[in-house]
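Before any comments, here is the structure.
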Amino acid sequence: MTTTLPLRSTDIEADPVPRLPSAARLALKRGAMELKGFFRTKGQFIVIFSLPAIMLMLLGAMSGSRAGLPGITGAQILTAGMIGAGIMGTSFQNLGINIALERHDGTLKRLYGMPMPRVAYFGGKIIQVLVCMLAEVALLITVGVLMFGVALPTTVNQWLTFTWVLVLGGISCTFLGIAAGSLPKSTRGANAVITLPFLIVQFCSGVYIPFSDVPGFLQIFASIFPLKWMTQGMRSVFLPEQAVVLEPAGSWELPMVALALGGWCLLGLILCLKTFRWTARDDG
Amino acid sequence: MSDTAVRVRELRKKYGDVTAVDGIDLDIARGEVFALLGPNGAGKTTTVEILEGHRRRDGGEVSVLGEDPSRAGRTWRSKLGIVLQSATDAAEFTVRETVHHFATYFPRPRDPESVIELVGLSGKADARIRNLSGGQRRRVDVALGVVGSPELLFLDEPTTGFDPEARRQFWSLISLLASEGTTIVLTTHYLDEAEALADRVGVIAAGRVVAVGDPATLAGRAEAEATVCWSTPDGERRIKTSSPTKVVAELIAQFDGEIPDLTVTRPTLEDTYLGLIGEHP
């Protein structure tokens, strides 16, 4: 390289051995860019981030004091359910739509042609999902506490349960979202292909109506998916102990929650590895 | 360092039953500006995408900057610049954010601000990319292609949607990059673009290279018959000849002064090109 080239930036040229940036550094850069993009894309921000809180306020206010037991309101049950739905929305729905758009607008193709380690892309996604998810959960808890008298967990055990349900639920739904991002065939279809199944699963999993009110065969259907187990885990954390009698199983089934979510993490990872592709399909 | 930037032998690619690339050979030297010409569906984009590592080939040998694109790693990619044909990504980011962001991926990037200026987007640096016109959007793609100061730059139909002035600006940018020693491989529909920019052109039709050469002499263009044309009181006269100088000399003697409306034309690149692809439907 000569120094007469007019376009090279001189400060960078002073470095005699230029090195490729590390994967961790690029993952952070991508994470920051992804977050900026998420909050700037109004459709995503409104539907994925704001909607759960708005639904919680509306439905919570309408459910009033309809309760199965003294000291437990419908709004409290709803808050626990919406926290589960919020975790899945900011991971599964968010990534499913986002990656489908990126596949069709050329983002994935551009990144594939860049000297970027593949892991930096997924690292950036995880940063974006994590920040959105924690903000979403914090928002929903705040609404629940301020508007509907939800009590924050008091024991270390409850906080531990909260943490592992969040982590396992978040990871499994992140993997499923990445895999689902391969399904939509067009940009326009992305929202419907991802959001409709998510909405159906939300209804069956006891997010909008108490799980005990869901018909038996739909309860069984919901048990296939991770959301039912996430809401159940969150109810064990945010509802008083006596609320356990409202569970169809008669207990919180925490070992089963862990098993189901752990299983979905594994299955989700396999689905991701099988379905994710950077390049266009070889169909023209 | 080898003198060859791109070497392709017997390249083949099928999509299902359709043969897109049917045995292409190419040699592109370092520092050369090479244009791939051809009608839609001829296999230009498929060929370029295989060279970029975006597509897998079915057969043949490919070496790009000394490596096989289907196996090459990050260091190889950091020497490449790719200008995609139809990207609409990064819509919510500003031009400045996007160029700065992608500059950080490279070990030896150009200064992002001078890249923005170079592609003529200084006035739009803080505009969201979604709000740019089609031509401005393409200039962002060009900026992202050159920000890593690549040794080899691929441009797939780079000036589609440019107005004539933007096109001229783009041409001088390419000439500047070429004068720095960047190897440039571009596909284009515009023959004037190939003629203005390329040291050599390759014409692809139906998945095969049908001619390669200097655009001025492609497929015997320089030796082809010229047309001498002038006006007489009875109307226009034209003669096709392989010795136009002799014809003109005779005319000078005949007219004893200015020959009215005299023109001498060789076949244009377009005539040559249409002749070539017409033979290979």
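The backbone N, Cα and C atoms fix where each Cβ goes, glycine too.
Predicted automatically and left uncurated, TrEMBL annotations should be read as such.
What you are looking at is a predicted structure, and each value in this text was computed from that prediction instead of being measured.
If you look up TrEMBL, you'll see A:43-279 marked as domain 'ABC transmembrane type-2'.
What TrEMBL lists as transmembrane segment is A:45-65 (among others).
According to TrEMBL, the feature transmembrane segment maps to A:77-101 (among others). Outside the transmembrane segment (A:77-101), and at least 6 residues removed from its termini, the chain residues within Cβ reach (under 8 Å) are 38, 44, 47-49, 51-53, 55-56, 59-60, 63, 107-108, 125, 128-129, 132-133, 136-137, 139-141, 143-144, 148, 150, 166, 169-170, 173-174, 176-178, 180-184, 187, 190-191, 193-195, 198, 202, 205-208, 210-211, 226-227, 230-231, 233-235, 237-239, 243, 246.
If you look up TrEMBL, you'll see A:122-147 (among others) marked as transmembrane segment. Sequence-distant contacts of the transmembrane segment (A:122-147) (same chain, six or more residues past either end, CB-CB distance under 8 Å): 23-24, 26-35, 38, 48-49, 52-53, 56-57, 60-61, 75-76, 79, 82-83, 86-87, 89-91, 94-95, 99, 166, 170, 174, 177-178, 238.
The transmembrane segment annotation in TrEMBL covers A:159-180 (among others). Using a Cβ-Cβ cut-off under 8 Å and counting only residues 6 or more beyond its ends in the same chain, the transmembrane segment (A:159-180) has close neighbours at 84, 87-88, 91-96, 99-100, 122, 125-126, 129-130, 133, 137, 153, 193-194, 226, 229-230, 233-234, 236-237, 254, 257-258, 261-262, 264-265, 267-269, 271-272, 274-276.
Summarising the annotation, TrEMBL assigns transmembrane segment to A:192-211 (among others). Sequence-distant contacts of the transmembrane segment (A:192-211) (same chain, at least 6 residues past either end, Cβ-Cβ under 8 Å): 47, 55, 59, 68, 74, 77-78, 81-82, 84-85, 88-89, 92-93, 96-97, 100, 180, 183-184, 218-219, 221-222, 225, 227-228, 231-232, 246-248.
Away from its own ends, the transmembrane segment (A:254-273) comes close to residues 161, 164-165, 168-169, 171-176, 178-179, 223, 225-226, 229-230, 232-233, 236 of its chain (Cβ-Cβ under 8 Å, at least six residues beyond either end). Under the heading transmembrane segment, TrEMBL lists A:254-273 (among others).
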